[in-house]
Amino acid sequence: MLNTPRICVVVIGKTLEEFLSQLEAAQTAVDFVELRIDYLEQINPNWVRIIKNHTQKKAILCCRARADGGKFLGTPEAQQEILQAGNDLGFDYLDIDLPVANKISIHEKKAKIIISYHNFLHTPPITELNFLLENMRLFNPDVFKFATKSEQYEDVKTLFKLLINKKNNENMIVLGMGEQGKIIRLLSPLLGGYLTFSSINGAISAPGQIDFKTMQDFYQRFYKISSPLKGED
């Protein structure tokens, strides 16, 4: 049986005013948002508090470093401070990248933890992805996330294989970046993926990210086609 897709809209913005405006628009569309605070030109724990006060929906707090494909230029210690503030303020999820997971330790953990791996150059072979998955398991996260550049059909197959072979008790997000990766973004939540990400008002945070309305229309049409006809034996 196919899963009901969970769509998370990504919120970005250079200024606090722009960010809060995008957040308001996202929250009118969905019940799940990802707050990419690394896009802000300035960020501090007080701004995290302001953003939390404007957040009414389930939210992932993410402060991704430039080295991991984000915009944040601060130290791991600064990341730690921001994510710790997010935990203490009551955000539902914190996204921590695998390369810095051993440098960031959340005290008195309240939020669920997503451990992420991003590769903007290519999709590694399945053996390498499985090795990374084993490394992620050492941190005992609530959700595993893989996002890789998908340029050919083999990349799509590799990512679907990773998702389909996950343990039944594990939550996993699998995303393809680029045009070829769009099919993964659409189908992975139907095949056991924890959620998929979309954009709103053209505020895209990753290659191949699909507009929320387009994604919503796809799922509505998909379920209309796949639902059995009434009265059919």
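Note that Cβ sites are derived from N, Cα and C of the backbone, with glycine treated the same way.
Look at Swiss-Prot and you will find Glu34, Leu35, Arg36, Arg64, Arg185, Ser205, Gln209 tagged as 3-dehydroquinate binding site. The active site, proton donor/acceptor feature in Swiss-Prot is assigned to His118; the stated evidence is sequence analysis. Residues or ranges marked as active site, schiff-base intermediate with substrate in Swiss-Prot (evidence: sequence analysis): Lys145.
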His118 (active site, proton donor/acceptor) and Gln209 (3-dehydroquinate binding site), Cα-Cα, nearest whole angstrom: 14
Lys145 (active site, schiff-base intermediate with substrate) and Glu34 (3-dehydroquinate binding site), Cα-Cα, nearest whole angstrom: 13
Arg185 (3-dehydroquinate binding site) versus His118 (active site, proton donor/acceptor) - Cα distance in angstrom: 15
For Arg36 (3-dehydroquinate binding site), the three-state class that DSSP assigns: strand
Assigned element (helix, strand, coil) containing Arg64 (3-dehydroquinate binding site), judged by DSSP: coil
Cβ-Cβ neighbours of Arg185 (3-dehydroquinate binding site) (radius 10 Å): 23
Lys145 (active site, schiff-base intermediate with substrate) and Leu35 (3-dehydroquinate binding site), distance between Cα atoms, whole Å: 16
CB contacts for the residue listed as 'active site, proton donor/acceptor' [other CB atoms within 10 A, all chains]: 20
Three-class DSSP secondary structure - His118 (active site, proton donor/acceptor): strand
Proximal but sequence-remote residues of the same chain as Arg64 (3-dehydroquinate binding site) (Cβ under 8 Å, at least 6 apart): Arg36, Asp38, Gly70, Lys71, Phe72, Asp95, Asp97, Ser116, His118
Local backbone state of Lys145 (active site, schiff-base intermediate with substrate), from DSSP in three classes: strand
Rounded Cα separation (Å) that holds between Arg185 (3-dehydroquinate binding site) and Lys145 (active site, schiff-base intermediate with substrate): 12
Nonlocal neighbours by CB distance (under 8 Å) for Lys145 (active site, schiff-base intermediate with substrate), same chain, sequence gap 6 or more: Asp95, Ile114, Ile115, Ser116, Tyr117, Met172, Ile173, Val174, Leu175
